Amino acid sequence: MILRLQSVTFLLAIISTASNIQASEIPLDLPVSSLISTAKSHLANGSPRDALTYFDAAISRDPTNYLTIFQRGATYLSLGRSSKAIEDFDRVLKLRPGFEGALVQRARIRTKSADWVGAKRDLEAAGKLGKAELEELEEAENAAILAEKAEKEGDWETCVSRAGVAILKAGTYLPLRRRRARCRFERDFSKLRPTAP
């Protein structure tokens, strides 16, 4: 029996939406420890969205459990929801100032968004700002500054190369990606212009 691709796609869509757990399906008398255990089980089985539902339920019942909030933040991060992850890491640091895991994760998010000062501050607070990490952050920060300067001066090749170096660390910072794209366009366009005899 041969199934058409549309039928298979439709079936997979139904199965994937059917597996999402709703908060109303979680028994109200389930202990917090069971909620956390179930959330971790969903994470291990590759269902981070279902894990979030259980983490949310656990946090609503025990809003001072910084480890559960941290785990939810890490789950948000795995789903690419950096702003929600930052909120959770900030909340963890209010409950437990200096918590290394939250500081390191927040530093990574800040680095990706080119918040160089914030990333350095978090790594220093976590005691993780070694010489190598500091050099990498400073190299990326300086590359971003040099890319901006090169763009203003019309040095398209330098702009492209320096922006590329900065993007290796600050990959989610849109202005930096736009700068590199503009400089690439200008560089390529300038190669097409006929030179005066």
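Glycine too: its Cβ is placed from the backbone N, Cα and C atoms.
According to TrEMBL, the signal peptide annotation covers 1-23. If you look up TrEMBL, you'll see 66-99 marked as repeat 'TPR'.
Model confidence over the repeat 'TPR' (66-99) is summarised by a mean pLDDT of 96. Using DSSP to sort the residues of the repeat 'TPR' (66-99) gives these counts of helix, strand and coil: 27 helix, 0 strand, 7 coil.
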